[in-house]
Amino acid sequence: MGTRFFSLVAVASFFWLAHSLETHQLTEQPRLSSLLILLVSGISAFATSFFALWLPGANGRFDDDSGPLRVPRPNLPKKPRRYFLPMLVMCIILRLEIFHRVSFDLQCSRSGIEAWLPLVILLYDFISSRKARSSSNAEDKDYDDMGSTMFDAIGNWASDWATNSRVGLGMVTLAFTYGTYLASSHGIRSTFFCSSQENSSLVVFLQWIGLLLDAAIIIVLWRVISWARTTKIRLRTMSGILLASALGTGLLYGSSSLFKQSRPMSYHFRGLDSLYVFDVFVDGLTFSVFFVSTGLLLAEGSPLSLTGIVTFISGLLMALCNTVLIGSWENVTPSKTYFSLVLICLGFSFFVFLNNVRSVVFIHRALVVFFLALVTIAATIFSIVMTHKAQVDSHPLERLVYDARVEAGRWLVHATTSNSLAVAVQEYKERHNGRDPPPKFDIWYKFAKDRKSPIMDHFAQMERDIIPFWGITPEKIREDTRRVALEPDITIMKIQDGTANHEVPAGSPHKAVMDDLAEMIKPFAEHLPDIELAINLNNRPRVLAPWEDVHRFATAGRQKGLSRILSRRSAPAGDELTNSASPNQVIPRRDFTTVRAFREMTALTCPPGTSTRSGAHWDVRDFCSSCTNPHSQGTQDLRNWPLSQKLCHQSDLLRLHGFHTTPPELRPIQELLPVFGASKTDSYSDILIPLHHASERPSGSDRAFEMKRRSLFWRGSLDGHLAGPNSHELLRGGHQERLVHLANNASSTDKTTILLPSSTDTDRFAYEQVSTSELNALLPMDIGFTQSTCKDCNDDVARREFGVKPEADHDAADGQLMHQYVLVVDTNDGPPQDLLHIVRSASVPFQASIFKEWYSERLRAWIHFVPVDLRFHALHSTLAYFTGFNNNQGEIVNGREVKMAPRLEEGRWIAEQGRRWANTAIRRDDMETYLFRLLLEWGRVVDDRREQIGFVL
Ligand SMILES: *[C@@H]1O[C@H](CO)[C@@H](O)[C@H](O)[C@H]1NC(C)=O
């Protein structure tokens, strides 16, 4: 019973640990976490030792060993030496340090190296047994005759053979470890790159050293534990090892942080600190369960069968996951997947007999072998069927663009329903839980009609922005406005007696923006009530209120609208929800925010249970397909643009976007306060308002789409990408940095998956992996950074990494517009600066962004722009769809000729649609219309009689 119980526990806790590492908070402070975990598990192992009598095998031997008690165990190792214990502790400490070093540059590491562990242990076995054999003859194994099946008979025969021919064991171990290695090195890598400043071979070397250390730890532990007589002594020994390692790590950690400069402690955000303690505690306990059960298992079994079983289970799971992906874009090498699965199944089937493993976890080996045979047969059929299905009859983007057009037509009908005031009022009530439109709605309606606004009913963004404030009392909102205006870079726009005024002094860079806003309000100012607006003039959005608050207020806000139709009474005063902060409390101000604290604040804006909320995403090396699947629907293409801008299902974006990897210069406000701003991401609660960017460019010279170059163009500035304490991640993971690296500096081993016409039939397509640098040469791309414009910026590191390109590749005034396709991506602070500029031109914008502005909901993906996922994994494939390859006659790709004609017509259509729509729905008139409606809504929300004053026909 004992071994089965412990192996079940060991395997379960191993997978729990492997799984929880991805979602728990531990990785943000790796050293502290490992120290605490060792401590917790050491203490719990010690505590368990008092209950040793109740554990299986308490007398020092496991009771399912049916042989006579006093027979010496065949696999009893040599006696441990005295220096073994300190050596073990040293190995553990060193192993942890190597782990932290490799995790720090995880993007440079190679996956699958751990799979070789059984082979290393087998090597040790060979060497030590050769020595042992010369001194004494191998003892007979005690076979269990009772209930032995035919399988066992064969197995016994096989293990007899194995003792003679250790080569056999070596070969099968090699087979399934190699299979596991293949399976685990299969995945797609993310575009987070290994910078030239890192020594990637050092990281891989460290990984191999780590592997050797793992083997050493297991073997030494085995020898130590096997010679301890009772379970109690074993538990005490292990607890001692854990505590000594904790002490050692603590000393190392303490002494190294003495020499380092103290960094500002991160801000204590609510909720997460206790979560960290909880994670440490749970993982510590699990780790001790794992360590103890492994240790006890080791004492009875052999290191080889233990590591073999764990490697096999992980390998089999990975190979099965890969097999399921056959036929999708994520697995284009079905033969490799199949080969790895067969190696694992076949290798392990022989391994259980040759190494005399009687049961795997708790399943008899005969059953395991039978199961593996079934798996192999099923996988064979599945692979053949899915490989045939992998070829598609038409390019999926054709269908996608077509569907998008149909959907856009439907959307337009929905957005422009109203042709009379009565219908508009009706539509409004339907879309606002039965709430009446704000006062003066008729005047707004006429205003919008006069200005030929195409959008009369669809203001979803405005609704979302304002609804939480219906859950806060008007008095409190007015107070909050004045309070938040004291924050840096926030100023008040005061509308009183039909005029709009602000107090930004002349000479301030923000004066033009505020003047322009006042100018925009002027035409309808006489219809507005007296209100004050807090306007954010900083580039970054400000209000990062936790999800719980926003959700609570928004729910309360919606319910009021509902109760209003049910009973036409106004809600009694005083039952309104109040914000937790007292009115005249000063907002806690500490401007410096570390990237880590900022990320944690952002995580708090996601609902509990989502991947972003639950923890830090640390695996930057591998492509996160669970992050893209919701908005890509399991394909490579971006299929749901609005969803792709939401953060809560894409925890990896917290490390793949420059906005999340640069510390904000002003601390975000973690309270739901009324702040109006030009742009935000979905995490923020700012209210979007049309603001004219001071930096908006005048439209330069443009020409017809056909007259432009068939290429994709992008230029970014090196400003703000400087070397600094926080730039380690930015330099390797920032979205602009990844883009430039991908397009110019792909290494020889980098691969990109792209949809190509099949070799036999150009009307059929299939995904293939092509060397990224080869693709970069075949596709017309012109992407890079320009020289930084600021004088005293130290951009040496970035310049060396990415190189610099000239502003434009010719003398034309507006270089961007010389290209048919122009990439627009976010800056590190906000939305792309030139999106509207490109939409209005005859070029096609390729947009990669998480930011929104007031007009964002009016632009539709695949109609007005081409959406690009910020991971850039589909950039080549999408571009190739539009441009074809450089040479229309055909190019050699993957050793065969591929012809891919450009789709000029599709590109021209998108460019034209965008231009027309921008000149219809995103004009200055539309800004004013949006602003008018927003201010009417706002005027009502801050009015004490807001429940009564709605507009009724
Ligand atoms: C990356 O590519 C650019 C342009 O091709 C080049 O100037 C730069 O030196 C490259 N960087 C590295 C680290 O090789």
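Glycine too: its Cβ is placed from the backbone N, Cα and C atoms.
Given the structure is predicted, the values throughout are model-derived calculations rather than measurements.
Which of 77-94, 113-130, 167-184 counts as transmembrane segment depends on TrEMBL, and there it is 167-184. Residue ranges 237-255, 503-521, 541-559, 921-939 are listed, and TrEMBL annotates 237-255 among them as transmembrane segment. In terms of C-beta pairs under 8 Å, the stretch of 237-255, 275-299, 306-326, 338-354, 366-386 lying closest in packing to the transmembrane segment (167-184) is 338-354. Counting Cβ pairs closer than 8 Å to the transmembrane segment (306-326), the top stretch among 204-225, 237-255, 275-299, 366-386 is 366-386. Counting residues 6+ beyond its ends, the transmembrane segment (366-386) has Cβ neighbours under 8 Å at 149, 151-152, 316, 320, 323, 326-327, 334, 337-338, 341-342, 345-346, 348-349, 352, 359-360 in the same chain.
Through the fold, the signal peptide (1-20) approaches residues 55-57, 62-64, 279, 282-283, 286-287, 289-290, 293-294, 296-297, 300-301, 306, 309-310, 313-314, 359, 361-362 of its own chain, all at least 6 residues removed from its boundaries and within a Cβ separation under 8 Å.
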